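Structure, as structure tokens:
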């Protein structure tokens, strides 16, 4: 074992990290040494030597406990001074081996890039499943990770699915080593982006899949942004090398230019399209082929085919040059004009990948069962194990100061619930264990509400199947039954006041009214609504008191359609829906000053509150701001708190069309109170009234959501597609033309995109596809604003007539 990196630990923690010579030797070695010495002695001396072993073992345990305690103190008191190397170096040897053989990875990509097909091959080659089945359920079985009937019918992944498998990798010395992989397959469609968000929040690494024909696509850019948000290292896999028009090096170039990540191929394909045979490994300089009915046999040859030798030499040179830009050791060798060894290249790629400076690019075809196993080797070689990733929590006992989580089983337990699912046995909660051990029957505490819950069952998930286990260690992913919580909740064993940041949840952009067709289905309807909200943070349910309608909101038409269909299938509730409604927003126009007095007297205690100040735009169409600039205490602290509450309530429902307010700032700098009639309610109401009056005097505007759109279709339909976008007042930003197809990138209002998929299919003979995601809010056209305001005023008038 290497010497612990004590120099990297803060001084205050060093006292507990004194190296013991016993710690450097394994228990087995000590036992063998004592036993072998005892064999030369008389039998009477045996117990004495046995006691020596126990004494050494006790010393080792005590030293290990002291080291662990010191690391924990350093993690809490000075997380910036505690390096991951120090955490790794001071791991218990058995723990170090376990974590070094563990990978938590996700597979993410643009829709239809082959994520689920690739995952199916991974499960087959690791022995997790016995036969390969295809997406869309064409063989009446369907891919293992698409367990929902809807997924198999539509050929898309709707929910992220977790599994685990073991990959046996041959080391450089020819020895086989078993690695444990926790794998999450994610959806590619933007409507289900929350599934990607919560998967990447808890994973240590990812495989980003690209199509060899299309390269970097719109959703690839979204996935890249999500990976950056959570600092997830990735390797890239250029899939579909057997497709017509495959050009893997275009994909490599686009990773560099579009995603702005230094990338280089670590493989060169042998042939392409229908002549794709295998790949050349640029690090080992060997050819790799697949043999057998399903490509299960990997054949490695020393000979590199003559037809690709020049490309191999050029791409290896480019790999070394790219690494020299991101890794100091390779840079030194490059300047010295020294050829790096295989081990030096691998180490550099690993360092740069984990450091988020580089992504190695692999190539293959999952559908053709070619070159998937080398990609799995890349997962092991270049993606981090849990001990190599920095994970932080907030200590609520110390004003939410940052603390570093240490993946030792011996530490107090900390875990994050990242996904909820309803099953036949109750709520299933997916948990990533960051620190300590989660045991069956143990009590854990929810950091959000400090509620104690018992863990009755722990399981490992394999898509929709499960295996029961008694405990889960640090760095692992599992699911538990019977734990009532929300997605994003932190659990601890009660010793620590830690909480972790949840995943990013985007705001819904589309709504529609919904009700059950038959009133007798109301109970099941309510049950379904409650479940779907609990499972999916981007699916919202609200009740509009004015129209007396239930509204569901989500990320797009497909998102809501899927839930309506699930309600029909899973709860046998047929629903009636209204037309889609856009999530408009309102914003202030100009700065407006206000001086508002609320004064009521009706026999009993009255109401009195005066608020003075101004409202103005914040400068960005984002969050609202409330400030108090009271001098002299004209309004007390508790009444100012009520003012802020009134401001926030007013922003929830704007005066213009009844939608949320954005980009508005309110400042209160004076006011007055009454000795007996002033109350928190008075100031809350006064602030709301002042807000509405000032807002309407400011020349306010209605904002509409703008969407980023990418439309891909065969080249002969380019004119029709652009005409279609122009009719919707879309702003075309860029056009890319490929061999057989083109892609148009545009911005368009969500209001203009309703029904677009139907018109696109008609214009392209069913061959076009598009993706869209929320971009930003901007002012709606004056005519649309006028129509929306008139509609709102009419609805208000009709309501008052009732």
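Each residue, glycine too, has its Cβ placed from N, Cα and C.
Annotation comment: Swiss-Prot describes 1-24 as transit peptide.
The domain 'tr-type G' annotation in Swiss-Prot covers 100-387.
In sequence order, 188, 211, 769 constitute the residues six or more apart from residue 112 (GTP binding site) in its chain with CB-CB distances below 8 Å. In the three-state DSSP scheme, residue 112 (GTP binding site) is classed as coil. Taken from Swiss-Prot, the feature GTP binding site applies to 109-116, 185-189, 239-242.
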With every protein chain in view, what's the tally of Cβ atoms within 10 Å of the Cβ of residue 109 (GTP binding site), excluding that atom itself? 27
Sequence gap of 6 or more, C-beta under 8 Å: which same-chain residues meet both conditions with respect to residue 186 (GTP binding site)? 106, 107, 108, 115, 157, 160, 195, 196, 199
Between the binding-site residues 115, 189, the one whose Cβ has the fewest other Cβ atoms within 10 Å is 189
Local Cβ density at residue 241 (GTP binding site) - other Cβ atoms counted within 10 Å: 28
